[in-house]
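Engineer: Provided herewith is a single structure, encoded as structure tokens, for subsequent inquiry.
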């Protein structure tokens, strides 16, 4: 699978994208409490805001946007909106403006919803009928690696920066900014991915042996 240049790009793209999106999952509530003194009830509502925005985006993508936008364009749009959301969240902590925080969470959730729908469709496009198992396995591995990297990024980096600066909010802000950079990097990779070039790739001897093993 990795001998296909387009597959390699898509693999790295998925890791960067998913690690950035998933890495904030454990941080939003604690950040709201730390930076803005939000109560447990208020931080719990943040999860509902993110989830609601994601659901709205999934429905909008499925019912409307998919008619007008290609899968790749939709994935780019979702990634851009999610990046803007992360930057808003980081900015809210830097300038201590809570009114930026919740809109940032909504934008992050909305972008995540569009990106989730379009990238699932792209995963199916980035397979071939005779190598479905190999490619779906590779994309599943990318998802698993991204989840681990996201959790590591969200927890360890935050603690290291907080310990180095003595400012709890700085750890969260650093992670949010790094995740925004990762998302931007993933979008640069996505622009270079060509489904047609992927499908025109001729299997190498190694890939043919792996395919024979699956059979």
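Every residue, even glycine, has its Cβ placed from backbone N, Cα and C.
Sharing the features that TrEMBL gives for it:
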DOMAIN    1-215  domain 'Major facilitator superfamily (MFS) profile'
TRANSMEM  12-36  transmembrane segment
TRANSMEM  48-69  transmembrane segment
TRANSMEM  76-95  transmembrane segment
TRANSMEM  101-122  transmembrane segment
TRANSMEM  134-157  transmembrane segment
TRANSMEM  169-190  transmembrane segment
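Any idea what these are sitting next to in the structure?
Structural biologist: The domain 'Major facilitator superfamily (MFS) profile' (1-215) scores a mean pLDDT of 87 in the predicted structure.
Counting only same-chain residues 6+ beyond the ends of the transmembrane segment (12-36), those with a CB under 8 A from a CB of the stretch are 42-44, 46-47, 50, 79, 82, 86, 89, 92-93, 96, 98, 101, 105, 108, 112, 115, 119, 123, 139, 142-143, 145-147, 149-151, 153-155, 158, 168-169, 172, 175-176, 179-180, 182-183, 185-186, 189-190, 193.
Long-range contacts of the transmembrane segment (48-69) within the same chain, counting only residues at least 6 positions beyond its ends with a Cβ under 8 Å from a Cβ of the stretch, are 28, 77-78, 102, 105-114, 116-118.
Outside the transmembrane segment (169-190) by six or more residues, the chain places 9, 12-13, 16-17, 19-21, 23-24, 27, 30-31, 34-35, 72, 75-76, 79-80, 82-83, 86-87, 89-90, 93-94, 153-154, 157-162 with a CB less than 8 A from a CB of the stretch.
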